[in-house]
Structure formats: structure tokens, C-alpha cells
Amino acid sequence: MSRAHNFSAGPAALPLETLQEAQQEFLDFAGSGSSVIELSHRGAEYVEVDRQARERLTRILGLGDDFEVLFLQGGASHQFMMVPFNFLGTSQTADYINTGTWSKKAIKEAKLFGRVNVAYSSEELNFSRVPADSELTLTEGAEYVHFTSNNTIFGTQFRKEPETAGVPLVCDASSDFLSRPLDVNRYGIIYAGAQKNAGPAGLTIVIIRKDFLQKGKKDGIPTILNYNTHLGTMFNTPPVFGVYMFNKVLAWIEKNGGLAQMESRNAHKAQLLYNEIDADDFYSGTTEPASRSHMNVTFRLKDEELNKAFLQEAEKRNLKGLKGHRSVGGFRASIYNACETESVEALVAFMKEFRR
Ligand SMILES: *Cc1c(COP(=O)(O)O)cnc(C)c1O
């Protein structure tokens with residue numbers, strides 16, 4: 001068996017030991033004689049998985065009693081609609097920070113429900129940066145400020161939460177969720193599709209602060225789209241395999257030093273790549289240095305004629321998933337938590353070799 005150096009943007013690499021554990025217990029989970037995907041989600045075995053995942057997430061993020069954790073489906077894209085459905089009335093305003101394709105999609109949905117103020121946009125710069133606090137044009141009394149903490153396609157990331165003068169943040173954290181500690185009390189909602197940094201596709205993690213939820217709309221929301229429906233109970237069948245794998249990834253994060261350790265390891269991996277990109281003008285980064293992502297490292301060759309050769313040769317060295325998104329071109333190395341430092345080192349070694 002030869003495992004790839006996997007730089008896929010999503011679904012993405014998961015910690016090897018979580019896959020091995022799942023493989024080992026796949027046919028007979030917890031002595032049940034069945035796989036975890038063949039058991040009732042209301043049975044004792046799965047209820048325990050669900051409980052562990054919530055408990056671990058709460059511990060890892062340091063969530064107080066004032067937060068609810070929901071395991072939903074539909075991806076982050078579903079939250080683009082569900083957030084304003086619950087929190088943005090026709091005469092209310094929300095601020096949205098437009099830093100990429102995903103932010104734009106969130107804005108489009110929000111406009112169906114209420115007033116949207118775009119507090120900042122880097123669209124004219126092909127989303128090559130995120131704003132400083134001083135560049136935000138915020139609305140006084142906004143319901144919330146929505147931002148995308150890491151822009152998966154363009155390779156930019158907020159180094160810290162935007163300053164909003166007390167207005168709750170709503171964050172699409174899909175591609176850097178659990179990659180570093182968060183100041184959780186600044187948030188009304190944090191949502192993330194699991195498939196970038198936390199588990200397999202199919203699970204969407206939503207963390208919601210109770211006092212923020214209180215301010216939501218009270219009626220006119222279809223049952224399954226109302227956050228209140230999902231509090232403290234499984235309204236319908238959850239994505240059981242997703243939660244099961246997520247629980248294993250959480251255990252792996254705890255075993256490996258928690259979010260502080262994830263953050264320093266991710267920063268180190270990113271630095272290895274950016275150092276190589278900046279070494280001379282053979283490669284160039286596609287984003288402003290101060291906005292560079294520690295999750296998705298985007299770069300290109302000065303001579304784009306060589307793009308195909310770069311990808312082909314990389315492939316031969318077992319370096320996979322490096323093709324950049326079509327809206328940026330070039331390359332993208334996605335180096336989420338589970339991407340090993342040695343995979344990044346192998347990529348850097350190849351970049352040197354290719355330059356020679
Ligand atoms: C991948 C991604 C999405 C889309 O996620 P789906 O689960 O496919 O809906 C949204 N936002 C960000 C930041 C992403 O990286």
C-alpha cells in the first residue's frame with residue numbers, strides 16, 4: 001500500500017490512524033455485530049458516539065454552557081441560506097465581508113431574506129487579500145457580521161477575528177475549523193462542512209450561542225431549517241458515519257496537543273512552503289503576504305507553460321491534488337491538520353528539484 005502525499009482541498013486528508021481504526025472496527029462496531037452505519041441512530045452505540053463527539057468538541061474549543069452544538073447535513077452551502085432564514089428579517093441588516101467565492105455565495109443567499117451591507121470586498125483584486133479592521137464599513141446595529149475565516153480557493157485567511165464593536169460574528173469556518181484556537185465568545189454562529197479539516201463529507205458542524213439564538217426569528221421558518229428544531233435532540237437521522245469519523249478526528253486532535261499544537265504545526269508547514277515560494281521569482285504567491293493562509297497555499301510558476309509538467313512530475317512523486325482552482329490558476333497545496341510535515345517537506349524538495 002502506498003498512501004499519497006495528499007494536498008486535496010476537500011474532501012481532504014484525514015489522520016491515518018482514524019482511518020485504520022475505522023477500518024478495523026467497520027464490520028463489528030462496539031461489539032454490536034454490525035457496522036456503525038447499520039445501527040439505529042437512537043440505539044446505545046450511536047448515542048454514545050454522538051455524546052463523545054459533543055463532549056470532545058466542547059472541551060477542545062473551550063465552549064461554555066452557553067453554546068449549542070448541532071450536527072447537520074447540507075454542507076456549508078446550506079448554512080448560507082439557513083443563517084439568514086433564521087436571523088435576517090426583511091427590514092434588518094447584516095454585514096458581510098466578501099473575501100472569495102464562498103463569501104459571495106453566502107451574500108447571494110442572504111439577499112433573499114433581508115438587507116445586506118457588504119462591509120468590505122476584495123473582489124477587484126481577485127480576492128488576493130483579507131481586510132484590516134480599519135477597512136471594514138460596518139452597520140450600526142447589524143444583526144451579525146458574516147465572514148469566511150479561510151478562503152479555500154484563493155488561499156487567504158484572517159489572522160484573527162474582525163473587530164465588530166460587539167456585533168456577533170457569524171463565521172463560515174469550513175476550511176480552517178479546528179486548525180487553531182478561537183475566541184469563541186465573539187461568535188453567534190460558527191459553521192463548517194467537515195470535509196476540509198474535520199472528517200468526511202456529509203456532516204456540517206454548527207456551533208450556536210444560546211443568547212444569539214434567542215434573537216432569531218420566531219416563525220415562518222420550515223421546521224427542519226429552524227435551528228431550534230435541532231437543539232438537544234436528533235430531529236431526523238444525522239449523518240452517522242460523519243459524526244463517527246469526526247469523533248475520531250477530535251480524539252486525534254486531543255492526543256496531539258489540542259488546538260494550540262495544531263496551530264503551531266500548521267504555521268510551521270505553511271512557512272516551509274512560503275519560504276520556498278519566496279526564495280526567488282521562479283515561483284510566486286498569489287496572495288498578499290499578510291493575508292496568506294496556513295491551510296491553502298496558492299502559488300504559480302512565472303512560466304505558466306510549465307504548469308502541466310509541474311503537475312505531471314509531482315504526480316510521479318506521489319504528490320497529489322495540487323492543481324489550483326480554475327479561478328486562480330497555478331497550484332494550491334492544501335495542508336490541513338492531517339497533512340503531515342513530511343508531506344510538505346516532500347513537496348518543498350520537489351519544488352527545488354523542479355526549479356533546477
Ligand atoms: C468547501 C467550502 C464550502 C462549501 O462546502 P459544501 O460543504 O460543499 O457546501 C463553503 N465554504 C468554504 C470556506 C469552503 O471551504
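Cβ atoms here come from the backbone N, Cα and C positions, even for glycine.
The pyridoxal 5'-phosphate site recorded in TrEMBL includes A76, S77, W102, D172, Q195, N236, T237, and the single candidate from T58, T152, T156 that the record places there is T152. The Cβ neighbour count for S77 (pyridoxal 5'-phosphate binding site), using a 10 Å radius over every protein chain in view, is 16. Close to ligand 1, meaning a Cβ under 6 Å from one of its atoms, are these of the binding-site residues R42, A76, T237: A76. For K196 (N6-(pyridoxal phosphate)lysine), the count of additional Cβ atoms within 10 Å of its Cβ stands at 29 [all protein chains shown]. Put simply, K196 (N6-(pyridoxal phosphate)lysine) is 12 Å from D172 (pyridoxal 5'-phosphate binding site) when counted between their Cα atoms. Of all Cα pairs drawn from A76, S77, W102, T152, D172, Q195, N236, T237, which the record names as binding pyridoxal 5'-phosphate, the longest spans 30 Å.
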